[in-house]
Protein chains: 2
Amino acid sequence: MTNHKYSLTGYHKEENEELWLWDDLPELDMEIGYKVGSLLHYEHSPFQEISIVETKAFGRMLVLDGTPQVTAKDGFIYNEMITHIAMAAHPKPQKVAMIGGGDCGPAREALKYESVQQIDVVEIDPRVIEVCRTWMTKETGQEREGLIRTVLKDGYKWIQEQKNMYDVLLVDRSDPYGPAVSLYKPQFYQYVYDSLTDDGIAVFQSGSPYYSGILKKTSSSLRKLFPIVHTYICSIPSFPGGIWSFTIASKKWDPLEADLNGLQWQDAKYINPEIFQASFVLPQYIKSALEEK
Amino acid sequence: MTNHKYSLTGYHKEENEELWLWDDLPELDMEIGYKVGSLLHYEHSPFQEISIVETKAFGRMLVLDGTPQVTAKDGFIYNEMITHIAMAAHPKPQKVAMIGGGDCGPAREALKYESVQQIDVVEIDPRVIEVCRTWMTKETGQEREGLIRTVLKDGYKWIQEQKNMYDVLLVDRSDPYGPAVSLYKPQFYQYVYDSLTDDGIAVFQSGSPYYSGILKKTSSSLRKLFPIVHTYICSIPSFPGGIWSFTIASKKWDPLEADLNGLQWQDAKYINPEIFQASFVLPQYIKSALEEK
């Protein structure tokens, strides 16, 4: 028998004395299974099922409602790519916020920019923050980490109270199910616009450009509001299909004209100045999908 | 009950009146399952298990020993990316060969270059060619398709007989198990070198740069022989982890200096001149792995 103390539901199954995590993708008629070396944490919070599993392919994974969110081995890709493009595109980001991202990975990346004075991490589920602090990204106790403030609120309600406030806002939303669903509403994009300073920049996790229509919807919603909108992509092995998109929307600074001497990539494992630029180059099928009426 | 006439082995399993294909990745402790809408073909050839399955995520898939090789929906990515970089890098490719690629997808891409006079497709398993012709890529009967010649031989034996023969050689090898294992031997790279003309170019499928060490081994073997060796990458959703590598080795023409006016991307769905260049830009973790001693 596998050795853990939890009473498990759907996504974690014991078979032949092994424990497996099953990421169900019903819209694709696919299932991705990970053999769980050990189940480090398991709970149902008021918002979702939270688990931490140890896997061979990705090391430790934070899993919400059966979907891997961030992993020890490839989490650097998502964290670097959601953060650095906007941070380097803005010449002097001082006030930064992120909606979601309770694991604080993107916040740690943003801290690398010396101009930063405040980072607000807005997370609806306090248990995600606590579980991640225990199992994923321990606080290092460094002085500048004091600039990271956690705000335990529903991001959709919180953003409506922010006006002309942030230089950079990262929308680290999970898939449009469960607690994140309001972060895909059309009004949300207007609230984000209003929360930014006059030269502010926002970045949105905008889904798989191969499997989903989220990218196109995000991009066209943002084009109605912002003068500068671009799609950029990266490859995240633990995400279904690998290829993943972000949408960046800016009031003044065009990331394609950024001074890349400011990019803080010294200890990065994915981004570098060439990747910064190459990530805006889209395969023809993605360009065509974005251009379709 | 699912409706088919075959007696199935390991990779295809019937559960709860559904048929599923299971791609086992034991080195990662992972399994990827595809619900099979219909099983169009199933056989054991003298070399491998060959099946054609209809799936929701990828449409029709050619599956060899349980591993999806090429799919109707995203096969264009692999076919374009293994072919066009070398074809555009060479100013006048006339004689072209490919080892593997019995589905003839890359051969169709190579045909788009007007200078081409002959395309030899070397495939060990005649059943792969026949099954693909029936289910995957039907011949169109166009005149230029007559330039494609199939050679039913073991690629490793065949290449030893070719000297100073080909302008472009594509090594569309499957994973280093079963019939493809000899295509990863150190001597194989020397045979490839010898098979090329004085300004010839070869491209090798070189595995997942995230999961496997094949890329590094391929690259260092080729650097001992060729003056110009580069890694390039693309994102293939049906391959584990998505991100995938090719290694290009050239005797004279550097793809980074290619005249991209020659790139035949008019009806391409992945490649375009910007992607051609961006595909050589590597994430920092891949660059570091390639530079390690």
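Quick reminder: no glycine exception, Cβ is built from N, Cα and C everywhere.
Here TrEMBL flags A:18-251 as domain 'PABS'.
Just so you know, the Cβ of A:ASP154 (S-methyl-5'-thioadenosine binding site) picks up 17 other Cβ atoms within 10 Å once every protein chain is counted. Taken residue by residue with DSSP, A:ASP154 (S-methyl-5'-thioadenosine binding site) is part of neither helix nor strand, so it is coil. The annotation S-methyl-5'-thioadenosine binding site is assigned in TrEMBL to A:GLN48, A:GLU123, A:ASP154, A:GLY155, A:PRO179.
Neighbour count (other Cβ atoms within 10 Å of the Cβ, all protein chains): 25 for A:ASP103 (spermidine binding site). Under the heading spermidine binding site, TrEMBL lists A:ASP103.
Within the same chain, residues at least 6 positions away in sequence whose Cβ sits under 8 Å from that of A:ASP172 (active site, proton acceptor) are A:ILE82, A:MET98, A:ILE99, A:GLY100, A:GLY101, A:PRO106, A:GLN205. A strand conformation is recorded for A:ASP172 (active site, proton acceptor) in the three-state DSSP classification. Summarising the annotation, TrEMBL assigns active site, proton acceptor to A:ASP172.
Cβ neighbours within 10 Å of A:PRO179 (S-methyl-5'-thioadenosine binding site), excluding its own Cβ and spanning all shown chains: 22. Taking the mean position of the Cβ atoms of A:GLN48, A:GLU123, A:ASP154, A:GLY155, A:PRO179 as the S-methyl-5'-thioadenosine site, the remaining residues of that chain whose Cβ falls within 8 Å of it are A:PHE47, A:GLY100, A:ILE124, A:ASP125, A:ALA180.
Comparing CA positions across the binding-site residues A:GLU123, A:ASP154, A:GLY155, A:PRO179, the one lying closest to A:ASP103 (spermidine binding site) turns out to be A:GLU123. Within the same chain, residues at least six positions away from A:GLU123 (S-methyl-5'-thioadenosine binding site) with a Cβ under 8 Å of its Cβ are A:GLY100, A:GLY101, A:GLY102, A:ILE129, A:THR150, A:VAL151, A:LEU152, A:GLY155. Residues near A:GLN48 (S-methyl-5'-thioadenosine binding site) in space but far in sequence (CB under 8 A, at least 6 apart, same chain), listed by position: A:LEU64, A:ASP65, A:ASP125, A:GLY178, A:PRO179.
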